[in-house]
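Right, one structure below, let's go through it.
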Amino acid sequence: MIRVTGLSHRIGRTPILHEIRTDLPKGKLTALIGPNGAGKSTLLRLIGRLEPLQSGRVTLDGADIAATPTETLALQMAILGQQTAIASRLRLRELVGFGRWPRHRGRPTPTDKDAVTDALRAFALTDLGDRFLDEVSGGQAQRAYLAMTVAQDTDWLLLDEPLNNLDMAHARSLMARLAGLVAGGKSVVTVIHEVNYAAAWADHIVAMKQGRIVAEGPPKAVLNEATLSDLYDTPVTVSSHNGRPLVLHHV
Amino acid sequence: MTRLPAVLLVLAALICASLTVGAASISILDATRDPQAALVLLESRLPRTLAVVLTGAALAVAGVVLQALVRNRFVGPETTGTAESAALGLLAVTILAPSAPIWAKMGAASLAAMAGTAIFILIIRRLPVREVMLVPIAGLVLSGVLGSVATFVGFQTDLLQYVNSWLMAGEFSGVIAGRYEQLWVAAIAAGLAWFAADRFAILGLGDGVASGLGLSPDAVMRLGLAVVAVVTALVITTVGLIPFVGLVVPNIVARIMGDNLRASIPVVALWGAVLLLGCDLAGRLIRYPYEIPVGMVLGIVGAAIFLWLLYRRPAHG
């Protein structure tokens, strides 16, 4: 379990998060949802120690992440931030291979090579393995970064808007893969913009607005008309499909 | 794709040529019998050839490391204020402690070069990420400012000749045995970079990716800065400013091999040595028996290569 207590954060003078307190359950697919600027990415980056904590505490299975060496954390959780314009000229196979770096630290074993091959196959990149990162499409690059994160083979995966740039086939296949990882014992925490992906696949939902958590719980408890309309400040209709909530927000 | 054997052959041929070319008309094949030929070979030709090879290799590696640290391909140690800061450090120690031993002077130059490059990195972190061309421009401005401070201080203290010997076009005609050995330290620093190659390649993907993979971005940055600073400082104090090697060689190799630095650093080093030795030989042969400084030859050759690179691939940073 990841436990967050008393977490507040500012960027410059702007408060981003206010006294966040939540538990992210182990062995579940957790979705962070909420409008732009709610603080979802910041919360994920703080949990993933990409930014230093200003106040409050984050523990991973009881251990304080601020007190855990970063190379130890890299064996326990993998985090994928949103990709920026950095154009490194690595072959996709080499990029995914770096996901194994925390394990082999420069001396890859056959196990590491197999893990890379598996990750490439899982994200339909086998044929693109020798292409350079700056010569593939945005969606293919995003899949390569996801494959790198999965290849890290940690108990926890933290993903910041992993559906960015993915077409619907690859988006659905990613969510199915994440659900499969959870079924295999892993825990996934992901920021999701399109609330229906959370409705269809998540086990646990954390809804954030203006730096605060406004609702959390299983999809049926959180994804109702009152909560969502209030969360996004726009009227939302919630229907149902195959026993899961179906959010109609686009018409 | 690496074509290592071919590059090695080219380098070996250039080394043989370099050992035979010079103002003294001797035959190096007679070196075992003719003491005059042996003297020229061991005291002048061999040290000069080694100095060129070490400098070219180390500068090219420093360039590839610097480009990974700043995530921009259009910079080299000579366009980021590194060389000028090294000169300032050397100037300071020459004025304040003129009798300091050589290693202390080199250390001061390296530390100053590290500080100057760190200032460059602080500046470019405030620039918008997408404006790739602002990074080299900021570097040129910083180089200009630091260089003019060095010139002013040198002028005021009658040390301008020294400053010019560090920052003007470098050349190897003064290299003899006993006056180039510091370059081995530069080469060792570049070799150290190879051991940390994965770390630099990962840092090139961004601080977030590096942290996620369990690296400390600041620690990798400090290591990289130290490599770049030591190489640059030792090169400018031994032979002067050598332009373009650290800029164009990493670019050419990255086009072919990409940014997997563990595979590419040896190739970068070899190509750096080949380019510099080729230009040095050209400088020795064009007006034989007189010499054109290798820095000037590189200024022309390097600029042409760099323009070609710019026009070949305008879209990527």
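Glycine is no exception: its Cβ is also placed from the backbone N, Cα and C atoms.
Automated prediction, rather than curation, is the source of TrEMBL annotations.
Distant neighbours of the signal peptide (B:1-23): 40-41, 44-46, 48-49, 52-53, 256-257, 263, 266-267, 270-271, 273-274, 277-278, 280-281, 284-285, 289; these residues of the same chain sit at least 6 beyond its ends, with a Cβ under 8 Å from one of its Cβ atoms. Here TrEMBL flags B:1-23 as signal peptide.
The annotation transmembrane segment is assigned in TrEMBL to B:49-70 (among others).
TrEMBL lists B:82-100 (among others) with the feature transmembrane segment. Sequence-distant contacts of the transmembrane segment (B:82-100) (same chain, six or more residues past either end, CB-CB distance under 8 Å): 66, 108-113, 115-117, 119-120, 142-143, 146-147, 149-150, 153-154, 157, 159, 162-163, 166-167, 228-229, 232-233, 236-237, 241.
Sequence annotations record features per position, and here TrEMBL assigns transmembrane segment to B:106-125 (among others). Tertiary neighbourhood of the transmembrane segment (B:106-125): same-chain residues 66, 69-70, 72, 80-90, 92-93, 100, 134-135, 138-139, 142, 146, 182, 185, 221, 225-226, 228-230, 232-234, 236-237, selected by CB-CB distance under 8 Å and a gap of 6+ residues from either end.
The transmembrane segment annotation in TrEMBL covers B:132-153 (among others).
The transmembrane segment annotation in TrEMBL covers B:159-177 (among others).
Among the features that TrEMBL reports, transmembrane segment is placed at B:184-205 (among others). Long-range contacts of the transmembrane segment (B:184-205) within its own chain (CB-CB distance under 8 A, at least 6 residues past either end) are made by residues 54-55, 57-58, 61-62, 65, 68-69, 71, 106, 213, 215, 217, 220-221, 223-224, 226-227, 230-231, 234-235, 259-262, 265-266, 269.
What TrEMBL lists as transmembrane segment is B:225-253 (among others). For the transmembrane segment (B:225-253), the list of distant contacts is 51, 55-56, 58-67, 69, 73-79, 82-83, 86-87, 89-90, 105-106, 109-114, 117-118, 121, 165-172, 174-175, 179-180, 182-183, 185-186, 189-190, 192-193, 264, 267-268, 271-272, 275-276, 294-295, 298-299, 301-303, 305-306, 309: same-chain residues at least six beyond its ends, Cβ to Cβ under 8 Å.
Away from its own ends, the transmembrane segment (B:265-286) comes close to residues 2, 4, 7-8, 10-11, 14-15, 17-18, 21-22, 49, 52-61, 63-64, 171-172, 190, 193-194, 197, 242, 245-246, 248-250, 252-253, 257, 292-294, 296-298, 301 of its chain (Cβ-Cβ under 8 Å, at least six residues beyond either end). Under the heading transmembrane segment, TrEMBL lists B:265-286 (among others).
With a threshold of 8 Å between CB atoms, the same-chain residues lying at least 6 positions outside the transmembrane segment (B:292-311) that come near it are 52, 168-173, 240-245, 247-248, 251-252, 255, 275-276, 279-280, 282-283, 286. Taken from TrEMBL, the feature transmembrane segment applies to B:292-311 (among others).
Taking Cβ pairs closer than 8 Å, the transmembrane segment (B:132-153) reaches residues 70, 72, 74-75, 78-81, 83-85, 87-88, 91, 95, 116, 119-120, 123-124, 159-160, 163, 167, 317 in its own chain, all 6 or more past its ends.
The list of residues near the transmembrane segment (B:49-70) in space but at least 6 beyond its ends in sequence, with Cβ under 8 angstroms from a Cβ of it, reads 11, 15, 18-19, 76-77, 80, 82, 117, 120-121, 124, 135, 172, 175, 180, 183-184, 186-187, 189-190, 193-194, 200-201, 203-204, 221, 224-225, 227-228, 231-232, 234-235, 238-239, 242, 245-247, 249-250, 253-254, 259, 261, 264-265, 268-277, 280, 294.
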